Structure formats: structure tokens, C-alpha cells
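In what follows, a structure is listed as C-alpha cells, so that the remarks can point back to it.
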Amino acid sequence: MHETSIALEILKTSETVLAQHGGSRILRVKVAVGELSAVEPELLRYAWEAVTVGGPAEGSRLEVDFLPARQFCPTCGPVARAPGAWVPLCLSCGAPLLVEGGNELDLVQVEFEVDGEKP
Amino acid sequence: MSPTADVRAQILEANRQAAEALRTRFLQEKTLVVNLISSPGSGKTTLLEATLARLSGKLKTAVLVGDIATERDADRIRKLGLPAYQILTGGACHLDARQVQGALEKAGFGALDILFIENVGNLICPTSYDLGEDFKVVLLSLTEGDDKPFKYPAIFARASVALLTKVDLLGIVDFDVEAVERQIRTLNPHGEILRVSAKTGEGMEAWCRKLEHALVAKRA
């Protein structure tokens, strides 16, 4: 389960961001996960709960923005499909489809609290 | 409203940096590096044994093997009289670039033409980790079933070579080779697909030629 290693990397970077901004506690972290990144959002959230225990991100929310990959037909253009469902060939012309995007694995935003400036 | 910081950083940034350092080093040393990824039992070690036997005498090779436990795979390579180093991941399902850096220091392989990295056996976790390799190779054996590319699209999209292994079993197991090749081409139109059998030697010539060409191209 490599989601644990990935959650640890998110935590490390989030703590650096927290320190840079003089914050005391992490409230929410937003990440972007592409459909082809081989990361399962639900497992990543479980891993986040586990790796944040005892630190400044304990109890924080991990928000996962799941980004689909896009499939294209070289002649007919973009193909509509259900997430996770891979269509091998274009339903209109039968040509093998091409794939674009879906490889994202990014830390997007960190929301935090600063001691003495609580809302 | 609590303060928020917009970050836009790659989550695997630390791994990316380590992989970049490895890539620079492999370029200076003119070593071709190939990262082999597949399910357990698809024949990575057997393919390597057959490949190394064909390349030995012509090229200087070594293997880094990642496994959760045992030195068995590295021992199989050492039996051929070739250098191998076993990385025990201690439970982790993939190798990362920092483990490769550490292993190379300890292994002390010296100057190499080709370094093979035999990743931990699974089609998911190793996909996310750049090891500074020239290219990823995914292996799919005929006994695993012909629906795997669409079930594990990420690795088939990222590997520049797909090896269909154990093709000596064609006709014995139910496996639609053409359907699998169509799935792989859909995920990766520019990738290469080779049918191989380490047992009968089928396709091994083409695979070894592919490696030699890649080495020449890197050194050009």
C-alpha cells in the first residue's frame, strides 16, 4: 500500500508550508490525484489519518480532487465515458483511442491556523 | 476564514529530485537503466536470466532487485556469475529513488553498460516512482489473463515497452494476444510490444536488440 508513503510525503511538504507561514496547526490539505496516478483516494485518506497522529496535522481533512484521464479518437475527437471505464476502440469508427492527462499527483493548498489569530 | 497557502508542488518532489540526480549520474556513466515492473510470477527473474546469458561477453550488466523478503532473486543472478544486489524494502511495495541511490553505493558495481532494476512485484505501486531509469518495461504473462492492461492502465500507459511473457503457453491457456495488444496500444500508442518466451527463446533476440539499440542511442 504505497498510499502511506505518499501520505508521508504530503505531510512533510505541508509541515514545511506551515512553518514558512508561521502557522501552528494544519486544518485542511488539498491534493490533486489523476486517474492514472495509481493512487486510490479512499486509501490515501485512511493513510492520512494514520500518518498525522501526534503532529500539527492531527485531525485535519485531506481533500482529494480526483482528475479523470481523457480519451480521444484520432478521427472523431474526445470520447465520453464513465470514470474508470476504459474503452479500447472508438464506438463510432473503431480506431484505437488515445489517452491524455490523468497523471497528476500534486499538493495544491494548505489551510492552517496561526496561534493568537484564531477565527 | 483561516489562512490558506496555495502550493502547487509535486507530492513526490523529493523522489523526483533523487531520480533526477540518478539520471544525471547514469548519463555521465553512460549506463542504460531499465526498470522492470510486473505482477509476482510473471517471469521477471527468468527473463533477466535469459537476457543476461545472451548479453554476457558483449555487455557489462548488473541487477538491482527489490523484494519485501529474501535474497532469492539476487542469488539466481549471482549464480550466473553476474553482479546483483538485493534491496529489501521492509514491507514497502515499491522501490524509490533514494533506495536505489543507497543500494548503488553499497553494491559498488563499477562501470556498467546496462543496469536492470527488478522492481517489487506488483502492477500498481512501482508505477508512481521515477527511479532515474531510461525506460520502464512492463511484463504481462499469459497466465495472468487478457484483461490486465485496462485493469491496471497506469503502468501500461507509462511503460515504453510491454513484454508479453510465457508465449510458449499460447493455445494452452485462454489468452487473446491481439485483444491485449489493442488494449496496450490504446493506453500507449507509442509503446513497443514484444512477445517473448524465456523458455523457448522466442522473441529474445528482438528484446536484446532493443536493449542494444537503446544503449547505442544513449551513447550517441
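Positions of Cβ are set from backbone N, Cα and C atoms, glycine also.
Whatever TrEMBL says is automated annotation, not expert-curated.
Taken verbatim from TrEMBL:
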BINDING   A:His2  Ni(2+) binding site
BINDING   A:Cys73, A:Cys76, A:Cys90, A:Cys93  Zn(2+) binding site
Those same-chain residues, other than A:Cys73, A:Cys76, A:Cys90, A:Cys93, found with Cβ within 8 Å of the centroid of the Zn(2+)-site Cβ atoms are A:Pro74, A:Thr75, A:Gly77, A:Val79, A:Leu91, A:Ser92, A:Gly94, A:Ala95, A:Leu97
Looking only at A:Cys73, A:Cys76, A:Cys90, A:Cys93, the binding-site residues on record, which one has the least crowded Cβ, with the fewest other Cβ atoms within 10 Å?
A:Cys93
Candidates A:Cys76, A:Cys90, A:Cys93 (binding-site residues) - the one closest to A:His2 (Ni(2+) binding site) by CA:
A:Cys90
So if the criterion is CB under 8 Å to a CB of chain B, which of the binding-site residues A:His2, A:Cys73, A:Cys76, A:Cys90, A:Cys93 qualify?
A:His2
Neighbouring CB atoms within 10 angstroms of the CB of A:His2 (Ni(2+) binding site), all protein chains considered, total 24
